[in-house]
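Per TrEMBL, transmembrane segment is recorded for C:6-21, C:67-92, C:104-122, C:160-180, C:200-220, C:232-256, C:268-287, C:294-313, C:325-343, C:364-385, C:397-417, C:438-457 (among others). Summarising the annotation, TrEMBL assigns domain 'NADH:quinone oxidoreductase/Mrp antiporter transmembrane' to C:124-408.
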Amino acid sequence: METNLALLLLFAPFAGFLINIFFGKKISRTLSGTLGTIAVAVSFAVTVFFFLQVSSTKVPVMVDLFQWLTLQNFSVNFSFQLDQLSLLWLMFVTGIGTLIHVYSISYMHDDENINKFFAYLNLFIFFMITLVMGSNLLIMFIGWEGVGLCSYLLIGFWYKNQDYNDAAKKAFIMNRIGDLGFLIGIFILGYLFHTVEFTGMKSMIDNKWPINESLLGVAMLCLFIGACGKSAQIPLYTWLPDAMAGPTPVSALIHAATMVTAGIFMITRLNFLFNLTPDVLEIIAIVGAITSLVAASIGLVQNDIKKVLAYSTVSQLGLMFLALGLGAYEVAVFHVITHAFFKACLFLGSGSVIHALHGEQDMRNMGGLRKVMKITFITFLISTLAISGLPPLSGFFSKDEILLTAFHHNKPLWVIGSIASIMTAFYMFRLVYLTFYKDFRGTEEQKHHLHESPSLITFPLVVLAILAFFGGAISFPGMSWLNEYLAPVIAKPAVHEHLGTTEYILMGIAVAGAFLGIGLAYNKYISKGEVPPQDSEITGVAGVLYNKYYVDEIYTAIIVKPIYAIGSFFKNVTEVAISAFIFGLGKVAVLLGNEGKTIQNGSIGFYLLFFVLGVCSIIGYIFLVK
Amino acid sequence: MDILIAIAGLGIICLVAEIFNLRKAIVPVTVAGLLGVLAFVGAKIFSKNPDILGLGFDKEPYINMIINDKFALSFSALFILLTAFLVALSPEFHKNHKAKLSDFVAIKLFLLTGAIAMISFSNLSMFFLGIEILSISLYILAASNPKDVKSNEAGMKYFLMGAFASGIILFGIALIYGATGSFNMLTINAMDREALPSWYNIGAVMLTIGLMFKIAAVPFHFWAPDVYEGSPALSTATMSTLAKVAAMASFFKLITTLNPHLPGFLTTINIIAVLSMTIGNLMALKQTNVKRMLGFSGISHAGYMLLAFQFRDLTFAQGNLFYYAFAYTLAGIAAFAVVLYVSSSKGNEEVYSFNGLGKTKPLMAAVLTCALLSMAGIPIFSGFFGKMFLFNQVLDKGRMILVVFAVINSIIAVGYYFKLILAMYSKESIENKEDNNTVPFVYSAVAVIAILINIGIGLCPELILQLMR
Amino acid sequence: MDVSFILIILLFGAGATYFVGDKWASKAALIFSFAAFAATAYLTYLFSTGHKVNSMHLWIHNPMVLFALQADGLSLAMTLLTTALTPIIVFTSFGNLFPKTRSFYALILFMAFAMVGTFLAVDGLLYYIFWELSLIPIYFIALIWGSGDAKERKKAVIKFFIYTFAGSLFMLVAFIYLYQKRHSFLNVHLYTAILTKNEQIWIFFAFFLAYAIKIPLIPFHTWQANVYQKAPAAGTMLLSGIMLKMALYSIIRWQLPIAPYAAAQYKYLLIGLSIAGVIYGSVLALKQNNIKKLLAYSSLAHVGLIAAGTYTLTLDGLRGAVLQMVAHGFGVVGLFFAAEIIERRFGTQEISEMGGIRLQSPKFTSMFLILVLASVALPGTFNFVGEFELLYSLAQANIWLAVIGGTTIILGAFYMLRMFQYVMLGEANTKVFKDVTFNEGLALVLILAVLLFLGIYPKPLIDFITPELEKTLVFINRFN
Amino acid sequence: MENILQEIGIDNYIYLATLLFCIGIFGVLYRRNAIVMFMSIEIMLNAVNLLLVAFSTYHQDAAGQVFVFFSMAVAAAEVAVGLAILVAVFRNHNGIDIDNLKNLKG
């Protein structure tokens with residue numbers, strides 16, 4: 001029964017994928033979308049069932065299907081594990097997934113390939129479930145790569161535009177860099193533990209299995225590289241902003257709420273191993289902090305509404321990694337959940353705006369939308385407040401806990417995180433002000449068509465906004481349901497300080513920082529009524545930021561270009577040289593043959609002379625040379 | 001001796017038949033007769049008492065002149081088979097000079113007697129007679145187209161150099177006679193090598209040189225390409241198959257029987273083998289005339305066959321040499337059957353004349369391809385086994401370096417063999433007007449039969465190898 | 001019934017195909033190749049139920065050569081690969097109108113005959129004969145039915161032939177040399193021949209030359225891209241799908257167990273060379289504008305990894321190599337067929353002249369995409385299984401080797417997706433891309449089915465090949 | 001006979017024959033007239049004949065002398081064929097200078 005239900009949970013979206021890919025063209029667009037949605041909804045329902053069961057029994061559900069790979073040291077089975085962590089993840093993956101499917105029915109209605117779209121979305125959910133449910137690293141890796149594939153497919157969904165395809169390709173390749181790290185990590189762990197099952201490794205750690213610490217450290221670092229790729233951390237983050245080429249629901253689902261949190265999931269999953277390698281944790285924390293700052297600073301000056309959100313996502317993911325690096329796994333998970341709510345809402349809201357403006361994404365051409373798009377505006381505002389960290393919205397709690405933890409462990413990181421938070425508040429409100437306040441700056445025609453989005457679009461917005469508002473309830477400081485719930489899967493809970501004066505002061509600082517950011521934004525864009533300048537006029541520091549610190553250019557210059565240059569070198573020099581050398585051997589033979597022709601000159605006298613010379617040399621050799 | 005008599009008789013019958021206006025019967029009778037003799041030789045090989053007819057030819061005094069061991073008989077069988085093929089090709093080749101047919105057939109038969117004499121000899125005078133009969137017949141065949149300047153030149157060159165080489169052979173024989181006081185190989189072989197005067201060794205070396213000329217080994221090879229190119233194609237076929245192998249086999253027999261105890265002797269032969277292979281192959285690369293190319297190829301094959309001198313077990317080596325000779329000559333006959341066809345329809349044997357043969361005459365092209373592949377040493381053709389057995393034998397003796405040279409040469413050889421194959425399959429025929437002429441039946445029949453035997457002994461090398469045991 | 005039956009079917013099939021004439025040749029070839037597949041499947045079944053299906057006859061007395069065909073997990077797996085791919089390859093050629101059809105199909109069957117023989121033979125000389133024999137048909141297939149400028153093609157094909165022939169001749173010498181030691185060519189006898197270290201090294205590298213050229217490993221690969229490009233699709237498929245597996249198989253069957261000391265001695269050199277090929281091929285693939293050349297270089301990269309796996313001398317490496325051979329065999333055949341499908345419609349192999357196919361034929365695009373994904377070893381495809389084991393074995397040898405070898409998954413994604421992007425995506429092409437025909441679709445679907453099924457459930461194959469590999473490994477590790 | 005042979009010694013016969021043989025060789029090498037070359041070859045053959053006879057006497061064995069008859073007969077046959085070829089060459093080239101025969105080469 002449990003097995004079957006678990007398989008239903010897993011395969012419902014896959015069935016949706018199959019139906020949509022094979023019969024999608026034959027059924028109506030709405031039906032296609034509805035089927036896709038139902039498929040995910042079924043998964044959601046089953047998840048809820050399991051969630052309730054496991055919450056009460058506290059016994060994980062294990063499903064073992066059949067053997068997959070056999071290696072000398074270990075074998076890998078198709079087996080799944082539904083414990084607290086995976087169910088929590090499944091809850092919001094399938095839950096938000098369902099909402100976004102609903103949203104997409106309307107959002108993508110006019111696209112001729114809507115069936116493909118839903119097929120890919122379903123496939124994504126399928127792989128995401130695989131990733132989360134897998135009971136060993138390799139099953140997780142299937143999901144890991146699978147979501148990467150779906151991300152590729154969906155970013156390049158409008159495949160006629162080669163720029164979008166470039167973005168998709170870039171996302172896939174950068175993910176693959178991480179995946180290599182992941183693979184290497186798996187190799188080392190398999191070598192060390194002779195198993196890659198999470199439970200197996202955990203019990204070995206618990207039983208004090210002797211481990212080569214330094215090798216384990218390498219493995220963990222490799223896995224972290226994998227996480228960096230998937231969760232867009234420095235240095236592998238540049239694909240995420242480009243991934244905004246995909247349709248907005250995709251950005252909401254994959255590039256904000258679910259897939260990009262896979263890295264955090266993986267690290268949390270393996271927390272018992274990461275705990276053994278404090279150095280790696282430190283690296284994670286530093287990388288996370290720097291990522292959050294860098295991404296936030298870039299976000300300050302972006303003008304594409306989705307790009308701002310994308311950098312915001314990178315920045316928030318950075319904060320999560322900061323939490324992970326400090327060993328506060330449950331805090332990171334908490335932020336993942338709240339972030340999923342408000343960031344999904346923000347993306348969907350931006351999608352609603354873009355939908356209303358028929359594809360316009362540049363904030364310089366927006367403005368004044370709050371009058372026309374009330375629901376969108378309100379939900380968007382709630383989420384913005386949440387992300388900015390204003391109490392009592394969900395973002396406040398989660399972000400504050402991260403900063404608290406940082407303060408206790410590592411003050412410089414706290415400073416960085418706080419600055420990033422202030423920036424977040426600034427650019428998010430900049431976004432709100434530019435989009436919804438003042439007057440509309442677009443064309444007359446766009447203005448004419450401005451409208452609130454249909455209910456299929458606004459409904460998910462409302463739900464998500466509510467969640468973004470109240471989501472913090474799952475983990476109030478000091479009385480956290482989440483921490484208790486996750487206790488079985490987290491080996492060494494972070495020390496939860498009692499809420500004392502320091503903590504309240506810190507909260508105050510955080511809130512003040514958020515207000516500072518908001519105030520700066522208000523001052524600049526409402527009071528002064530500034531509109532960001534055109535691209536060519538952006539100079540100085542802003543120019544550097546606007547151009548994302550030229551990181552893409554640097555990558556191109558130091559990695560892509562050299563590879564092509566080496567390729568050219570191989571093609572034009574090495575290949576030719578090797579070829580010439582081998583051909584040269586043949587040529588020498590032919591040349592010798594040609595030269596030999598002059599000796600064969602047709603003269604009998606000459607032939608006879610050679611004959612006699614031959615006789616003399618043979619006799620000479622045999623009888624005279626001893 | 002009975003074989004020699006039968007074949008010589010056959011030759012005379014040919015000449016007589018011409019007198020009695022039985023021209024049409026000449027070739028069928030000859031071929032049938034040859035096959036009969038072949039069967040007779042076969043019976044001799046397999047029977048316990050070779051003197052099947054009870055004529056006493058295997059007893060004294062003939063035993064002093066002719067020895068019918070398995071080596072001699074096997075090679076005789078091969079020669080007879082080859083001659084049968086060559087004779088079968090004659091009427092078509094000489095269809096414009098029907099009157100000369102009987103002469104050519106008879107000369108080939110006499111040539112065959114020479115070849116058999118020089119392989120079955122037990123006495124140096126028999127050997128000398130054999131080689132001279134063979135050579136003189138070949139001079140005639142080479143120059144057999146007196147109106148053709150090229151044929152004249154070929155005949156003249158071959159004759160002058162051949163006579164020169166004969167002189168050296170004769171000198172060698174004389175020295176050996178002087179040293180041993182006997183022409184009888186059995187007597188000579190039984191003598192104590194250390195007790196013999198040094199002339200003996202000089203004589204053996206001179207014989208070696210003379211025979212190296214006959215097999216066209218470097219540096220005595222210069223005549224071969226020129227003569228092959230200039231002679232009428234059928235004569236070239238005879239030279240490159242029958243004559244070459246006969247010389248090689250008797251060379252092998254002569255040296256193994258004379259068995260000179262000389263430190264540098266085998267080294268010399270090895271050096272000459274390597275030189276022959278290399279120079280033959282390298283020179284063949286740039287040739288445009290197929291006959292000439294096959295001439296150079298023949299030089300390199302002579303080089304390979306010289307490897308047979310590296311042996312530990314004589315019968316083993318004899319078997320390998322015989323196998324190689326068998327494979328090489330049958331591939332040669334098949335190839336020349338095609339070359340004869342092309343040269344009769346296109347008027348020359350340049351490589352471009354073979355262009356598009358794969359399309360117009362797929363059978364002929366296929367046969368020539370197989371023949372060339374066999375010569376190149378590609379399995380499953382017997383040429384491969386020939387090489388492989390020789391390599392095996394040489395490695396058995398521990399001469400790795402020789403094998404490496406041989407292998408490198410095999411690689412070079414592919415270059416020119418495949419030039420011809422490429423021409424047949426990937427180039428368009430220059431002129432299409434003659435496409436509709438059919439291949440004469442004998443050409444295709446001989447080509448196919450020869451190549452089938454070649455493949456057949458490739459599939460069952462035992463058939464040939466066991467003859468020697 | 002023993003394994004020689006497969007050979008007989010194929011050989012007889014080749015003859016029959018030639019003699020039924022141009023009209024029916026393709027069908028006859030399909031029937032016979034399928035019959036061979038059925039026979040192989042049946043023999044595999046017999047073998048796995050414990051029957052003896054070996055074939056052993058004395059062929060030549062002195063030197064002693066046996067007509068010895070042995071069915072074991074390894075050889076049967078490779079035979080299955082061959083006989084399964086042959087009908088597919090024949091089937092894919094149905095869409096082409098060749099001149100001299102009968103010769104073409106007869107040669108394909110003959111080629112399959114030779115390759116199956118190579119996989120089954122356990123007598124060194126017999127093996128060598130089959131090995132060389134397979135060279136002849138592919139030479140003619142590429143020469144006569146190839147595409148592109150005739151002169152260039154001739155050059156490429158003759159280069160290929162001489163080159164591979166040259167390499168294998170040294171293998172022959174090595175075999176004969178070994179024969180002197182044991183007076184037998186039988187593999188188990190050769191494994192146990194007593195060789196000095198020096199001898200082992202010489203013999204090892206004589207074999208290596210043959211295999212490195214055929215696989216090909218850098219720097220012996222220069223023949224490959226040109227021949228792949230110029231040969232007709234079926235020829236390319238035979239070459240890349242099966243023929244190069246012959247060499248990889250031979251490493252496991254012959255080279256390593258015969259000269260294990262040398263293999264261990266030069267382990268890192270060989271792995272390094274193989275892995276260098278991975279990167280070299282990948283980087284070169286990035287610069288290709290010809291789709292078949294690109295696939296050729298990608299193949300260079302993939303087989304480099306396989307070779308590296310075999311030279312780790314670990315069970316994982318060998319097993320991964322065999323699995324990846326099968327996976328790569330199917331995958332690369334599929335990709336070359338896809339390239340052929342495009343060429344049939346657009347009449348070009350240049351990537352820059354393609355594009356926009358997805359708009360016109362989404363079905364084909366999907367299938368092509370799956371092939372691309374299989375090629376980049378996405379988990380769930382069979383290629384991942386093989387590549388995982390290979391990289392794992394490299395990691396066991398040295399973690400950096402796995403890292404360097406692992407760049408294939410990055411660079412592979414790079415060039416394959418780049419190719420996919422410019423071939424399939426983008427604005428509609430002005431040229432019409434007719435949707436894939438039923439036949440074309442069927443062939444692709446079959447390939448995909450195999451890749452996906454084995455990707456999820458490779459266990460039967462793994463269990464099938466492992467015992468033999470373990471046995472071989474005992475010989476390989478006998479000095480350690 | 002025996003006395004003479006003993007007095008002169010077999011070695012000197014060998015030297016003489018070798019000398020004659022070498023004269024023949026140089027004749028072949030030096031002259032360009034086909035007939036003169038034939039004659040030089042005849043000198044070579046006759047040198048051998050001389051040697052054979054000398055050895056025959058030395059060994060007191062008739063076989064050597066018999067062999068000389070063979071060799072003379074063969075030489076005659078050879079020359080007959082050779083002259084026939086020469087005639088054909090003469091007809092086509094109007095000369096018997098072998099330097100004219102250089103068409104086949106390369």
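Residue numbering: from 1, along the chain as shown.
Cβ from N, Cα, C; glycine included.
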Same-chain Cβ contacts of the transmembrane segment (C:6-21) under 8 Å, 6 or more residues past its ends? 28-29, 31-33, 35-36, 39-40, 43, 69, 79, 83, 102-103, 105-107, 109-110, 112-113, 116-117, 120
Determine whether the transmembrane segment (C:397-417) and the transmembrane segment (C:200-220) share at least three Cβ pairs under 8 Å, counting only pairs 6 or more apart in sequence. no
Counting Cβ pairs under 8 Å that sit 6 or more residues apart, are there three or more between the transmembrane segment (C:438-457) and the transmembrane segment (C:232-256)? no
Can you see whether the transmembrane segment (C:232-256) and the transmembrane segment (C:364-385) are touching - at least 3 CB pairs under 8 angstroms, only pairs 6 or more apart in sequence? no
Answer key: the stretch among C:104-122, C:200-220, C:294-313, C:364-385 with most Cβ pairs under 8 A to the transmembrane segment (C:325-343) is C:364-385
So what's near the transmembrane segment (C:104-122) in sequence-distant terms, Cβ-Cβ under 8 Å and 6+ beyond its ends? 3, 6-7, 10-11, 13-15, 17-18, 25-26, 28-29, 32-33, 36, 68-71, 75, 78-79, 82-83, 86, 89-90, 93, 98, 129-131, 133-134, 136-138, 140-141, 144-145, 186-188, 234, 238, 242-243, 246, 249-250, 253
Same-chain Cβ contacts of the transmembrane segment (C:200-220) under 8 Å, 6 or more residues past its ends? 131, 163-164, 166-168, 170-171, 173-174, 177-178, 243-244, 246-248, 250-251, 254-255, 258-263, 265-266, 270, 273-274, 276-277, 280-281, 300, 303-304, 307
